[in-house]
Amino acid sequence: MGDLGGSAPSPRAAATDVNSSQTEEASMGMSSEVQMVLEVLIVLILGNILVIVIVAATKAFHSVTSVLIINLAVSDLLVGAGVMPFVAMSVINHGWVNCTALCLYVGYTSSVYCTASVLTLAAIALDRYHSIMDCLHYNSRCTLWRTCAVVLWIWLQALATCCPPLLGWSSISYVVPMYSCAIDWASTPSYTAFVAVLSYLSPALIILFCYVNIMKVARSHARRIHSLEDSVQRSRGLNAASPSCCSSHQYCESPHCPSTLVYHHQNHHGVVRLFLVILTFFLCWTPHISVALIQATETAILGHSSLVPPSVVTASHWLVLLNSDINPLLY
């Protein structure tokens, strides 16, 4: 006798529906990840190429600092061209291609590019520091040849610092949460500490020291100029109700005059920009280095690493890659 409400679906059909829905959800998640990778890749490549073209084509930007800016754009561009395509392939293929040599190459070069980018950020901070603190001798000391030598040293240090995993000190393997081959931070805590100090902590201290002192000088100059304007205003018998605009034959000392307002606006903008530079660097790199040190410490004490969730590893790695996206906007 048939069911009055219609026949119920068979267990096999129900299982098929569940599997198909899971497959659709997985494919949707995978497609969104691939889309995100491609979007970051496109912005990274186009942004850094645009920086290189603008600096190279504009004579006003031809300076010693421009050499460092171009080197930063080149290192970030290599991060996009040399790392992101393989990340996209890993996301699509649900794993790394069966090629050990390619894994070693990508893991090594990605570390070199990221290290060169961080060292260049520190070099730019030092260059700006000397241009402010030692402006009288800046042009004679910071020459084009010396800057090119600094760029060469940056790449040699990056190549040497990231080379030990190829020689047996630590190792390079496919890291599932990163969707890429990278240095296995948990395998050798001593090398992890070595890289953290040489490639992150030292540049971070340089960047923090230089930009904090530059901001102090900028604020000090702003206070001095404002104090000078007040003293000149009092000496001339001006008051707050004086006209805000001065004639073309009179030097404008009022803090309400356009030139003074423009200066204070530029000074404030410069301080905010330096703050964003510092904040961006630490937000993008501190999680990644912290994860590496936690994994290395846990391995050294317990013999295994399981404290950091895979999602945190993924997020910290993406922040490092995102830093190469943001640099063209800040520099």
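Quick reminder: no glycine exception, Cβ is built from N, Cα and C everywhere.
Keep in mind that TrEMBL annotations are predicted by a computer and have not been checked by a curator.
Taken from TrEMBL, the feature transmembrane segment applies to 36-56, 68-92, 104-126, 147-171, 191-214, 274-294. According to TrEMBL, the domain 'G-protein coupled receptors family 1 profile' annotation covers 47-331.
Most Cβ pairs under 8 Å to the transmembrane segment (191-214), among the stretches 36-56, 104-126, 147-171, 274-294, belong to 274-294. Below 8 angstroms of C-beta separation, residues 118, 121, 185, 192-193, 195-196, 200-201, 204, 207-208, 211-212, 214-215, 218, 307-308, 312-313, 315-317, 319-320, 322-323, 326, 330-331 of the same chain, each at least six residues beyond the ends of the transmembrane segment (274-294), sit close to that stretch.
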